[in-house]
Amino acid sequence: MEDLIPMETFKTVGSLLLGALLAVGGASGLWGAVNLLSPRPVAERLSLGILVAGVGVFLLGFFWFIWLHYQIYLHLPLVLPDEVAKWLNHYLSNLNQKSPYGLPLYNPSSPPRYILPLWIENEKYYFWFMSYAFMALYAHRRLSDHRFRGALLLGLAIQIGIMAIWANPFARPLPRFFEEISPWFNQNLAPMAQLGLFMRLYSKMVFYYNAEYMWFHPPLLFLSYAAISVVFICSLFMLFRRQMAIEAMSYSMAKLAFFLLTLGMLLGYPWALKAWGPNWWWDPKIAASIMMWVIFSAYLHIRLYIHRRWMWHFSAFLGILCFGAMVFTFLASFFFPGQHTMQ
């Protein structure tokens, strides 16, 4: 694929960006731990600068992913010979009459191209953790508690470490996608074999990679996950300290997360029905997501009784439980068979 997509260029620049993120993560971990353990604030302006630098590097990396996806759009169209294209359109016309969701006919003058979302495969972790960096920066500016600020920095350091060790999107970009499409560009296929491979690639392009829902459903969920991470940090502090400013921050982030989670789930419904049919309802991640939504709803309702006895700590416990439910929901994609299963 190197002759079509400059992968080595992407990896080289990506390694520099990852190095910058690791530097930010190291500084975040150090200053976060110092402020979390110190009775007085230490280098508060520096901690703010670390978060700003983290957001900046994350944005540079995100724009680098946009460049890669644009190269894929330009250089990896699914082009068919004219005689195969005619047979394909005849087949698609008959197929579309029997299906409620048909595939567009092949246009030789404008062959189908991949419009890949920016949050698939390992890129989803990048978007998730970048979203957390933005929200941590917001929370850092809103609250002056140095220990809370230190915890936000530690959270960023942990997430950068997880991404660098287990989900580096720069070292091997979009491996499953390139594994799927490489036979199309690397082999001289017989017409019927080419047609069969095209149908597999084209259907996934239309219903997954190029689906309009992919630009709303997943990013809304990852934004909600980032907000839940801030709620988790606030809830941990609420277990040990009765500070209304932290509780108010937790509640505002929880409202944002609940709104994003609800909207993301609702927007995923028509896409799931179109792509998978009625069986999508029994997917394990759907069940886990509904469980998380119910726990979140309980957390927001408990806030109405926050001044009653024991409700402060019970609210903090539910906030931590929301985070646990979020982690379980995400991991369900790896361990339970279903439509969301990740290999």
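Just so it is clear, glycine is given a Cβ too, placed from its N, Cα and C backbone atoms.
Quick look at what TrEMBL lists:
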{"type": "DOMAIN", "residues": "125-333", "note": "domain 'Cytochrome c assembly protein'"}
{"type": "TRANSMEM", "residues": "12-34", "note": "transmembrane segment"}
{"type": "TRANSMEM", "residues": "46-67", "note": "transmembrane segment"}
{"type": "TRANSMEM", "residues": "125-141", "note": "transmembrane segment"}
{"type": "TRANSMEM", "residues": "148-167", "note": "transmembrane segment"}
{"type": "TRANSMEM", "residues": "220-240", "note": "transmembrane segment"}
{"type": "TRANSMEM", "residues": "252-272", "note": "transmembrane segment"}
{"type": "TRANSMEM", "residues": "284-302", "note": "transmembrane segment"}
{"type": "TRANSMEM", "residues": "314-336", "note": "transmembrane segment"}
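Packing against the transmembrane segment (220-240) from elsewhere in the chain are residues 119, 124, 127-129, 131-132, 134-136, 139, 145, 147-148, 151-152, 155, 159, 246-247, 249-250, 253-254, 256-258, 260-261, 263-265, 267, 312-313, 315-320, 322-323, 326, 330: each is 6 or more residues past its ends and has a CB under 8 Å from a CB in it. Outside the transmembrane segment (125-141) by six or more residues, the chain places 47-48, 51-52, 54-55, 58-59, 61-62, 65, 118-119, 148-149, 152-153, 155-156, 159-160, 162-163, 167, 169, 219, 222-223, 225-227, 229-230, 249, 253 with a CB less than 8 A from a CB of the stretch. The stretch in 12-34, 148-167, 284-302 that contributes the largest number of Cβ pairs under 8 Å to the transmembrane segment (46-67) is 12-34. Within the chain carrying the transmembrane segment (284-302), a Cβ under 8 angstroms from the stretch's Cβ atoms is held by residues 251, 254-255, 257-258, 261-262, 265, 272, 311, 314-315, 318-319, 321-322, 325-326, 328-329, 332-333, 336-340, all 6 or more beyond its ends. When pLDDT is averaged over the domain 'Cytochrome c assembly protein' (125-333), the result is 91.
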